[in-house]
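According to TrEMBL, the protein carries these features:
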DOMAIN    624-695  domain 'DYW'
REPEAT    112-146  repeat 'PPR'
REPEAT    214-248  repeat 'PPR'
REPEAT    413-447  repeat 'PPR'
REPEAT    448-482  repeat 'PPR'
REPEAT    550-584  repeat 'PPR'
Amino acid sequence: MQPNPELIRTIANRYAANLTLCFPLRRTSLQLARAIHANFITFGFQPRAHILNRLIDVYCKSSELRYARNLFDEIPEPDKIARTTMVSGYCASGDISLARSVFEETPLSMRDTIMYNAMITGFAHSHDGCSAVNMFREMRREGFRPDNFTFASVLAGLAHVVEEEKECVQFHAAAIKSGAGSVTSVMNALVTVYSKCDLLNSARKVFDEITEKDERSWTSMMTGYVKKGLHQEALEMVRRMVSNAIELDAFTYPSVIRACATSGLLQFGKQVHAYALRRGDFSFHLDNSLVSLYYKCNKFVEARAIFDKMPAKDLVSWNALLSADNGFGEEGLRLFSCMRKEGFEPCDYAFSGVIKSCAVLGAYCNGQQFHAQLVKIGFDSSLSAANALITMYAKCGVVEEARRVFITMPCQDSVSWNALIAALGQHGHGAEAVGVYEEMLKEGIKPDRITFLTVLTACSHAGLVDKGREYFDSMETVYCIPPGADHYSRLIDLLCRSGRFSEAESVIKSLPFEPTAQIWEALLSGCRVYGNMELGIIAAEKLFELIPEHDGTYMLLSNMYAATGKWEEAARVRKLMRDRGVKKELACSWIEVETQVHKFLVDDTSHPEAEAVYNYLKELGKEMRRFGEKIAVAFGLMKLPPGRAIRVFKNLRTCGDCHNFFVYLSRVVQRDIVLRDRKRFHHFRNGECSCGNFW
């Protein structure tokens, strides 16, 4: 029996009408779409393209990309709308790799400006400015005409990579030629691009030429001033906005505050905060941005006070608290738990925050559980979450898991590569870290300042002096990145680890700035290992001038004197430390057993199982109770099943006595012991350490 065409048309119209109720997107849209989808599966209805396209659109806009892709793959010949929707959906979710695969599988005849715009916007949002610019150029080569949105998007991408005035001028001219040069959104983007290239006069000229300035116009100019450190000019922009009766709204305040947070400009952020207080201008967005500002500037008490006083909290409020990259540990786990108890479902950024908390604590089991939840919810393809997982596994001493996360990511950004290089370097796999760096370059990923810090550290820990020196020299000569004090301190550390003190001294003398405490610390550490007293004393004296309150300098110098039998000098340094009121930081070690973190201090008796631990210590050696990390290891040996690696974390650098003990203990008990101290990881196995006795 042939189906009734009229009946089919009626049913199709009914489904189409019901799907229109999903727009504009609201909380119930996804539930309704799923019900409609289930209904026509149940009754065997074969929807036409326009219905499938609407359903795919709902799934994409609801971040249910798997459902959208399943539907898309069932269409024998997806049309332009379906393909553009999938490209936009993947781009919005940050999965640029899959977006690009759909885009490249689309015949040229089916592409249009909207699809190109989606890709350009996706690259821009992913901070991949090079790809955004290349896509724009491909679009023009293929004969597609860019519109206002195209220029606004490609300029946003250009802002991430622009280095020369010539590039700014070329794109500015192209926008004018196309007729988009006087559009407010495009001019706003030009202000940002010129600002990023430190061409503030040009940025201001474009700003002044905007006939219809909106809040973003003012914010773009203010942000440019803020990032350049021109605080008074930025405040003047705020005053001009007010005098021109332009309200600082929920977009303007947070944008300026976010710029302050990114640049670490706490004082200017506080000025804007005070200005908002005087005017009584507050909103969710402002409060959330202030929370991020204070957390990122390590003002945890102030951040928590603002959060606690908020009359109401939304999902962004919790995410602002959790996603701030501030290194808090137990507090992060508590906040995440409170968020869920309040009925808020965390997004991938919140998961990233709590996973970072696990990294700080070395809470491997907790981190594994959050990883499992990410997979279950479907956030495992999120860049921010995956990058946090790489760091978490690395800082928990499980570098193979970090590597596995990286390999299985659908796409990687520079943060992903940096995280893996850092992970390998921290664990003594210097040659592998260098290999990953070289692979990164082959993939066309441009290294940044963080990349060079990680690869220099890896070279230092592996003793790859010449290779490290080559990479350092390439910063300026190849990538036009001027080395900072942190890069120079890595170079000094690299040279000192191989005993090349004359080279280290030459580098210090040729510095383009005054040597910082970081640099003298690197020199002093090298002197300690090689017993170079003369140079070590010079470094220590410089550190006494720069950071007289730092206990590590006194301890290192005292230990150097003691190692060479100069007991009077060692005692003098200890007395100087006491006279100046400098106290040695209390050593603390911790270990995770069955998702619970157990902390131990020297001679600690506060732990509920302290007596049992000390009895066990007596069996292993009378001297063990003097050292907190030894107590933690003993607890792990008692509690963890045979064969399981013991992972202990310490807030200070490990001492020679403990290091030698763990080398011996790993052979006696036939257990792998992983120790993370302030500087690096030590993997003790069968009487050997991964650090090669250089830490």
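Every residue gets a Cβ built from N, Cα and C, even glycine.
Tertiary neighbourhood of the repeat 'PPR' (413-447): same-chain residues 126-128, 130, 161, 383, 386-387, 390-391, 393-395, 397, 399, 402-403, 406, 454-455, 457-464, 467, 471, 479, 481, 680-681, 683, 690-692, selected by CB-CB distance under 8 Å and a gap of 6+ residues from either end. Residues 163, 414-415, 417-418, 421-422, 424-426, 428-431, 433-434, 437, 440, 490-491, 493-495, 497-498, 500, 680, 691-692, 694 of the same chain, all 6+ positions outside the repeat 'PPR' (448-482), place their C-beta atoms under 8 angstroms from a C-beta of that stretch. Here the repeat 'PPR' (448-482) has a mean pLDDT of 91 out of 100.
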